[in-house]
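In what follows, a structure is listed as structure tokens, so that the remarks can point back to it.
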Amino acid sequence: MAPKAPKFEIKTPKGTRDWSGPDMVLREKIFKTITDVFKRHGGITIDTPVFELKEILAGKYGEDSKLIYDLADQGGELCSLRYDLTVPFARYLAMNKNVTQIKRYHIAKVYRRDQPAVKKGRMREFYQCDFDIAGVYDPMIPDAEIIRIINEVFEGLGWQGKYTIKLNSRKILDGLFQVCGVPDNLIRPISSAVDKLDKMPWADVRKEMVDEKGLAPEVADKIGTYVVLKGKRDLLEKLKQDEDLAANPSMQQGFADMDLLFTYLEAFKADHTVSFDLSLARGLDYYTGVIYEVVTEGSAPKVSASGEAKEKDAKKKGGKTGDAEEDRSDDPTLGIGSVAAGGRYDNLVGMFSGKTQVPCVGISFGIDRIFSITQATQKKNERRNEVDVFVMAFGGGKDFTGLLKERSKVCARLWDAGIKAEFLYKVKPKLQNQFKAAEAGGVPFALILGEDELAQGKAKLKEMGLPDDHPLKEGELISLDNLIEEVKARLVRKQELDNITEQAEGLKVVGGVKGEEVKAAAETAQSAE
């Protein structure tokens, strides 16, 4: 007898999802793009446990500490699932005192009991890709290289012209708050409030400062005159002319750092995407210097609803405001948020090791958010695997052998050459079923073996998905003696054409007519094959 079906609902936990098919292909492509950049800059990878001692994570995240997943006591140790990859890295450095300089990258899952919006990449279980430079170096050189890395990653993903790196400094922000009259004990809470300006209007942020955090209204208003400012080096020069700001020691350090940073960014050719933005605060407590956040079109919410509007809407729907269990994927007041963020944290290692300080600066890329935006802005991804060639047998009738041995030998040659290939596991497959299998996997090329062609030492190589009027719609005969060279040449050519098409789609969004011109050039190039 078959087992009885379970009485509970079979589903993934809230804020999590399964990954498969085309989504996995796209996610792996994103991973590879990011990893290639990390390695290009000398990164080496490490791995740490998925859970840490609770005391290791405690007191490192400010108000966000409430989002940490705590685990039950197991064997006399209180543990929590890691909230990010930064604090575990600092713990690793504190334990390994011989490691005083390292460029480290880490790609792994982290966990936050946040309000989920799965379709927008806001998850409770999600991947982060971190790159950090630890060690004592001359000021701002590693910081500038991190910004260069951010540019290389997003340009590698085809996001040219579609993202902005918001830049600020905790030293500047702290000095600004001091000049405005914020008490020292409120500087971090007020930073957390200012950090919400990308999600909430100033009126709501001001209300939180005054009503919830106890800040004097006139101090909040003074802060409001500064946090609306943004620019590049021009803003830095403007702030230097403010006598009150220029007299503040923290602000002076921040000015010097930012001045150096802009100089190095210009040398790295990495300043074109940067916006010096005084509203950027980054809510985490461990940042000590330069901070940055990467935003794109999908980052901001479509509707900027005030707190009162959200509460009214929730009551209308019969729900309760701020229900942490509700998936807000369809909530227009919630955007995808930043797709990468980071900064300098010079004191975090010392929180574990006492006197030993290892200055650090780093960036964390949110894979699920990057995936959501990439998927929404590209053509539907039909590839379910990374196979490049599907080897087929052509023929029929009672004398048809299926050419299984021949297909196997050809696949072995392709595998030996590092070419991804597969064939249908049937002794005598129908050609129609072979094409269906190739199409289901989104395989770009079919290599069709026929008895007559094999007798001549040839086979037909066909690119899948060509339009009916394309001259190579039915494929072309190639010599099996040159099989590897022929296949590799066509794979390279197809990749080049795909890159031109992707560029055209991006320019079409950003630059209108120019994108159509590039796309037309791609179609002309393809017709000339």
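Keep in mind that glycine also has a Cβ here, set from the backbone N, Cα and C atoms.
Here is what TrEMBL says about this protein:
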type	residues	note
BINDING	ASP84, LEU85, THR86, ARG112, GLN128, ASP132, ARG282, TYR286, TYR287	L-histidine binding site
COMPBIAS	308-323	compositional bias 'Basic and acidic residues'
DOMAIN	15-370	domain 'Aminoacyl-transfer RNA synthetases class-II family profile'
REGION	302-335	region 'Disordered'
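For ARG282 (L-histidine binding site), the same-chain residues lying six or more positions away in sequence with a CB closer than 8 A to its CB are ASN168, ARG170, SER191, ASP195, ILE291, GLU293, ALA341, GLY343. Of all the Cβ atoms in the protein chains shown, 19 others lie within 10 Å of the Cβ of ASP84 (L-histidine binding site). All chains included, 26 other C-beta atoms sit within 10 angstroms of the C-beta of THR86 (L-histidine binding site). When each of the binding-site residues GLN128, TYR287 is scored by how many other Cβ atoms sit within 10 Å of its Cβ, GLN128 comes out lowest.
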